[in-house]
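Undergrad: Pulled these from TrEMBL:
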DOMAIN    32-444  domain 'Cation/H+ exchanger transmembrane'
TRANSMEM  24-45  transmembrane segment
TRANSMEM  57-74  transmembrane segment
TRANSMEM  86-103  transmembrane segment
TRANSMEM  115-139  transmembrane segment
TRANSMEM  220-242  transmembrane segment
TRANSMEM  276-294  transmembrane segment
TRANSMEM  306-325  transmembrane segment
TRANSMEM  345-367  transmembrane segment
TRANSMEM  388-407  transmembrane segment
TRANSMEM  419-439  transmembrane segment
Amino acid sequence: MLGVFDLAVLSTKMDSLGTSDYKSVVSVNLFVALLCACIIVGHLLEENRWINESITALAIGICTGVVILLFSKGKSSHLLVFSEDLFFIYLLPPIIFNAGFQVKKKQFFRNFMTITLFGTVGTLISFSIISLGAIYIFNKMDVGSLKMGDFLAIGAIFSATDSVCTLQVLNQDQTPLLYSLVFGEGVVNDATSVVLFNAVQNVDLSHVNAAIIFKLIGNFIYLFFTSTLLGVVAGLLSAFTIKKLYFGRHSTDREIAIMILMAYLSYMLAELSELSAILTVFFCGIVMSHYTWHNVTESSRVTTKHAFATLSFIAEIFIFLYVGMDALDIEKWRYISDSPGTSVAVSSILLCLILVGRAAFVFPLSFISNMAKNSPSDKIELKQQVTIWWAGLMRGAVSMALAYNQFSTAGVTQLRGDAIMITSTISVVLFSTVVFGLLTKPLVLHLLPTPKHLSRMISSDSMTPKSFTVPLLNGQDPEADLDQEYPVQQA
């Protein structure tokens, strides 16, 4: 009798959970199934001349959004509600950390000044052009009530690039200089854009004057250097801890756990301190790959390399898949249904500003960089400059997340001006990723054709163990990189 009563109570509690929890479980299951579908389709289209994994995930996301719209009778187009916390706290850290952990350090630091020039000064130039253009043009258009902080936020939002498509095409062994510049600038650019965005949020822009501008610059410099320092300290601390305690003599699990947790801790400490968590975790990854990684056991090295790469890969697919579904969110488009032409005009203007802002610094800064270099092999040729310019035209998840942060509350947009900016951001991200992404591989192959002997070498080596790479990591071989560039520093 007591057992029957317990079952009845349990049944009542299960019913009281409501349909919302059941829907959440179903949504997560469907989303995981879609992630699997993206990976399978991306694998099947690996050799395609036009399609890459980012476009595949976007396309599947859009198709899924259409199906959900039909089944929900136009009420919703996505399975999960977008959250800035989900992106910045859970999805972005593994992507940025892995970028630092897998980076070819010799090439990165050899071209560090050029990368910093493009990633910081170049981003500031792009930010200025996009912000000033938005202020001048949008004030003459009917785009709602945008304040000075909104215009500067627009500059930061659309200065954040997404060079994944270009990196998937470039071969770092064939064009090490170009690959290093595109890869390094992409990470530093994202960090600089987020630092600019945060600096704009922390300054009172109701009355802009020289003091406010100097304060903005001071905030930027402070965030940039303190964030970098925190990442370096966290990486060195992890190396010291693992070397002195030598976890590997008892369990490799502890080594791997301490690396993952300390990397994530550095990111969260930066967020807690209102610093640039992207810069912090990126330099933490670089320091860990140089010091910590060499002080763990051999099995831990292999495991961490693949674990970080896998987490980054899944996070990137997740983001592009969600962006595709969210592009059809009916609530956002409903606010601009009476003036679709305005949204199209705003999106077109933003694309033009991105093109101009990118060109305004790539070619002049490349000229300055070439003036400071003596070796012809270290100079950036015109074709490479065009590739660098093109690589930075695409916009991705960072732009989306910053736009949601600025123009929505808990994923909900209630003002017409905010809705126009959200939908315009979605349009720019989709257009740049799909159209520019489709043209990236043919353009790069035309500008930088692969030598026939190298093509045969790559083809003949395609079944060797070292050729098995994660697609979104663009053929990087971190283990070979680490072993070749630095001597092992075991305890």
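The first residue you see is number 1, and the count goes up from there.
Glycine residues also receive a Cβ, built from the backbone N, Cα and C atoms like all the rest.
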Undergrad: Hey, which of 115-139, 306-325, 345-367, 419-439 has the most Cβ-Cβ pairs under 8 Å against the transmembrane segment (24-45)?
TA: 306-325
Undergrad: Take the transmembrane segment (345-367) and find every residue of the same chain, 6 or more past its ends, with a Cβ under 8 Å from one of its Cβ atoms.
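TA: For the transmembrane segment (345-367), the sequence-distant neighbours (Cβ-Cβ under 8 Å, at least 6 residues beyond its ends) are 117-118, 121-122, 125-127, 129-130, 133-134, 137-138, 141, 143, 154, 158-159, 380, 385, 388-389, 392-393, 395, 420-421, 423-424, 427-428, 431-432.
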Undergrad: Is the transmembrane segment (86-103) in contact with the transmembrane segment (276-294), using at least 3 Cβ pairs under 8 Å (sequence separation of 6 or more) as the test?
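TA: Since 3 or more Cβ pairs under 8 Å link them, the transmembrane segment (276-294) and the transmembrane segment (86-103) do come into contact.
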Undergrad: Can you work out which residues elsewhere in the same chain, 6+ from the ends of the transmembrane segment (388-407), have a Cβ less than 8 Å from its Cβ atoms?
TA: 54, 82, 84, 87-88, 91-92, 118, 150, 153, 156-158, 160-167, 178, 181-182, 185-186, 189-190, 193-194, 197, 319-320, 323, 326, 354-355, 358-359, 362-363, 366, 380, 413, 418-419, 421-422, 425-426, 428-429, 432-433, 436-437, 440, 443-444
